[in-house]
Amino acid sequence: MRHPLDRGQVTLPRPAPHPGAPGCCRSHRVLDCAQLVPTAQMGKLRREEEEHLAPGHTGRPHPLQNLLLLLWTLLNCGLGGNAQGPGEWTPWGSWSRCSSSCGRGLSVRSRQCIRFPREELCWGDTHEYRLCQLPECPPGAVPFRDLQCALYNGHPVLGTQKTYQWVPFYGAPNQCDLNCLAEGHDFYHSFGRVLDGTPCSPGTQGLCVAGRCLRAGCDGLLGSDAREDRCGRCGGANNSCLFVQRVFRDAGAFAGYWNVTLIPEGARHIRAAHRSRNHLALMGGDGRYVFNGNWAVSPPGTYEAAGTRVVYTRVTGSEETLRAAGPTSEDLLLQVLLQEPNPGVEFEFWLPRERYGPFQAQAQAQGWSLRQPQPREVDPQSPESPAAPTVIPPRTPGPTPDPCPPCPDTRGRAHRLLHYCGSDFVFRARVLGRVRQAQETRYEVRVQLIYKNRSPLRALEYVWAPSRCPCPPLALHRDYLLAARRLISPDGTQDWLLLPHAGYARPWSPAEDSRVRLAARRCPL
């Protein structure tokens, strides 16, 4: 059996009891219970105890000390004091310096167990190890395990005078033994345990401590079972955040980008998945796509966005997933690029409780509920049927207002690129109706193909031109490529698609389709 001192235990000798007096007290034994004087004799010591007084002691205890001693006796001796239990720990010592000068290492602190004879050992550990994270080691730094193996270079081993050059070997069963391979030979040798703080193996988070590979809990202690909950709290119970889990089922009446959900700042454990030929797309808070933007499919891989790593996978066939641990440092916008009817996009994330309300409000501020859906309206002042497209009444002979002035020339590559990059929406649409109201013109259009959108578009939309003579004018029942901007009223109750004066509105053709796709590649957003 190991000596108690080998385990940080300290055994104190029991004081000699008075003859015939049984020992009874469990902790802080200075006197046995039978040696204590009854109340009637307080202030006087028996003759046989006088020889135990320290030099200069008067032999007259202070009355307050006698009272405290009596209370201590009643509490410790009168309540089953003969029971033997574990010893008591000393306070923890201070933490040692980190075992490494760079990268990951450990520091240690210790304590001792104070116990009397026949007492049990203290419950718990004598040492505690904490992970310390220092700046990364410079390029070319020799790993800690390599240094330990190199200590045996040029020294005879295995009972011979032959020497070897040693390098780490990671194929042995115990990764916390110093297993070193002889260079140029097909054998390795174990030189005992590695030093505490040595990484268990390359690329892992565990560190070797006393021959065991230990990982740090979220509290930083090696070997700890403490784990972060889904809200990011160490040892929490998932009660400080909310779980958002939904399915985006909008079938989509046209191909293009559709907004699935806003992923707010602070979101954790983000996941999205679907099974179709459609593609997930992710947009950052600055309007730039992280992947699958501008009609270009990105390769699967890991992308950096909003302070976290986003893992985008695409399995052969029709399954895509997106995962991110979070927390996100800014808002992200999850979209789906529809190429076929949407069977459903599943998404989920955990959000702090205090951010759920702003998340809902911000989703509405994006215009998702203001313009979804947007059915065809009936103008009470217009005599035409709601099912029939609005037709401009024919001009009658007689006095007519001055004709609309000619529109400026807006042809050219520079004009196309300017409007594509500066617009919120670029899409192909067929003009179904037109109504002039005051100094504005409202077009009813059917969206057929989306090239760019910063919020969802419906199959039927209204596009407004700020003039009774819009430039360029749109003819009924024709297809156009339109670049529109989004305009929201100050009170947030109105949301319009605005076609600027002398903006981008070209009759659709395969050639114009190619030109606008080329502009999408050259546009910075």
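Just so you know, glycine gets a Cβ as well, placed from its N, Cα and C.
A quick note: this is a predicted structure, and the numbers were derived from the prediction, not measured.
Noted in TrEMBL for the protein shown:
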{"type": "COMPBIAS", "residues": "362-372", "note": "compositional bias 'Polar residues'"}
{"type": "COMPBIAS", "residues": "391-406", "note": "compositional bias 'Pro residues'"}
{"type": "DISULFID", "residues": "C98-C132", "note": "disulfide bond"}
{"type": "DISULFID", "residues": "C102-C137", "note": "disulfide bond"}
{"type": "DISULFID", "residues": "C113-C122", "note": "disulfide bond"}
{"type": "DOMAIN", "residues": "404-523", "note": "domain 'NTR'"}
{"type": "REGION", "residues": "362-406", "note": "region 'Disordered'"}
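By the criterion of other Cβ atoms within 10 Å of the residue's own Cβ, the least surrounded of the disulfide-bonded residues C122, C137 is C137. Around the Cβ of C113 (disulfide bond), a 10 Å sphere holds 22 further Cβ atoms from the protein chains shown.
Averaged over the domain 'NTR' (404-523), the predicted model reaches a pLDDT of 82.
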